[in-house]
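K.L.:
This is the structure I want to talk about, given as structure tokens.
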Amino acid sequence: RWLTCRSLPPGALESIADTIADRLRVPWFSGAVKINVSLVPPLVLLPVFLHVAALHFLLGLIILTSLPVVVLWYYYLTHRRKERTLFFLSLGLFSLGYMYYVFLREVVPRGRVEYYQVVTLTCGLILMLAALSRAKKNPGYLPIPAGNEKPSHEGLPNKSVRGSSSGLHGISGAASSRAVNGEAKGYCRMSAEQPEGVKKDWCTKCQLVRPARAGHCRLCGRCVRRLDHHCVWINSCVGEQNHQAFILALSFFMLTSVYGITLTLHTICKGRTPFVALFYCPGAYSDYSSALSFTCVWYCAIVTAGMGYIFLIQLLNISYNVTEREARLALRDNTGRRLLGGLVIDTGQYNRGLLCNWGHFLSLGSAPPQRSAEDIV
């Protein structure tokens, strides 16, 4: 119908795309394994783009400028649709592997990189992957009610439920089976007798009472203790149980990436400091090997700059004991203070000073999570 310029029925293209995605499988011993379509583009397009960018300076400028734009466009597209995707995780892991491959194949054979430097870079990469693997684990999901049965809110007494040590706020009221904006079949309405400022901690989607600082992730469909944000680069939430591993992975990435960039620039741009060589490296395009290495250096520099910004925001948030989720809510409700040129939003609710804030962060996940009021009920 498309080739003959006839109209297609609604949803036809989506159905075709879903069918192709379902049929895209590889043979395996236990049966055909389905391949996630979002894993394929980075594996194919990244080497092609980098090799084309190494052909000429202008091609490199165009491609390295357009790549971040395409990635940001795809991020906003999936974020608007509230979709989970493995594209960013695949892009990150394959970029690490491919940059390491180019380093071993094109840079090390030149003889200017010592053995211990290769070992140091390899160890940094391994430590970063280990921290990333830990960050991919349970971020601190609140337990789902037994039997996957969502308890009825009507069974709760018409009194405020207060937690003495888990930071729960009072909730009351009867549940309704009506949908709110098409998102959930049930909601909680606060009683008129309750004082103002009482925070609603009843999650209408998970049907449970959340402890303080917990939040519901719309992408994962779960409530997470001390939810910071949903990170597309690890395809998981960052919460109470994996926030330390997330920061550790970012730290190892920054150190390893800067170290690899420095070694490569010292090799292909002799006699120049890394910062100067990044912008002025005569002879970088004299041969294809140097051009490819220089192109990969610029690709790594762009990615490192983006991750460095994320890392900086995380460090500032930890210093003020505020999460990304709390900062967004404070901006929405106009209850926070913009500090350091707007890089951090201080809510003042949990800020106890720099040392106490970092001590609190370093103790995350050390104690067993306290039971919520939903478990008690």
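Yeah, the Cβs are placed from backbone N, Cα and C, and that goes for glycine too.
So TrEMBL says this about it:
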TRANSMEM  48-74  transmembrane segment
TRANSMEM  86-103  transmembrane segment
TRANSMEM  115-132  transmembrane segment
REGION    143-163  region 'Disordered'
DOMAIN    199-327  domain 'Palmitoyltransferase DHHC'
TRANSMEM  245-268  transmembrane segment
TRANSMEM  288-312  transmembrane segment
K.L.:
With CB pairs under 8 Å as the measure, which of the listed stretches 48-74, 86-103, 115-132 comes out on top against the transmembrane segment (245-268)?
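P.N.:
Checked against 48-74, 86-103, 115-132; highest Cβ contact count belongs to 115-132.
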K.L.:
Should the transmembrane segment (48-74) and the transmembrane segment (288-312) be scored as in contact, given a threshold of at least 3 Cβ pairs under 8 Å and pairs 6 or more apart?
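P.N.:
Touching, yes - the transmembrane segment (48-74) and the transmembrane segment (288-312) meet the threshold of 3 or more Cβ pairs under 8 Å.
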K.L.:
Short question: which residues 6 or more past the ends of the transmembrane segment (288-312) have a Cβ under 8 Å from it?
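P.N.:
That would be 50-51, 53-55, 60, 64, 67-68, 95, 99, 102-103, 106-107, 247, 250-251, 253-254, 257-258, 260-261, 264-265, 267-268, 278, 281, 343.
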K.L.:
Please report, as numbers and ranges, the same-chain residues at least 6 past the borders of the transmembrane segment (86-103) whose CB is under 8 Å from any CB of it.
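P.N.:
For the transmembrane segment (86-103), the list is 36, 38-39, 41-43, 46-47, 50, 71, 74-75, 78, 121-122, 125, 128-129, 232-235, 260, 263-264, 292-293, 296, 299-300, 303.
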K.L.:
Give me the mean pLDDT over the domain 'Palmitoyltransferase DHHC' (199-327), rounded to a whole number.
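P.N.:
Mean pLDDT, the domain 'Palmitoyltransferase DHHC' (199-327): 91.
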K.L.:
So how many of the residues in the domain 'Palmitoyltransferase DHHC' (199-327) end up helix, strand or coil by DSSP?
P.N.:
68 helix, 16 strand, 45 coil
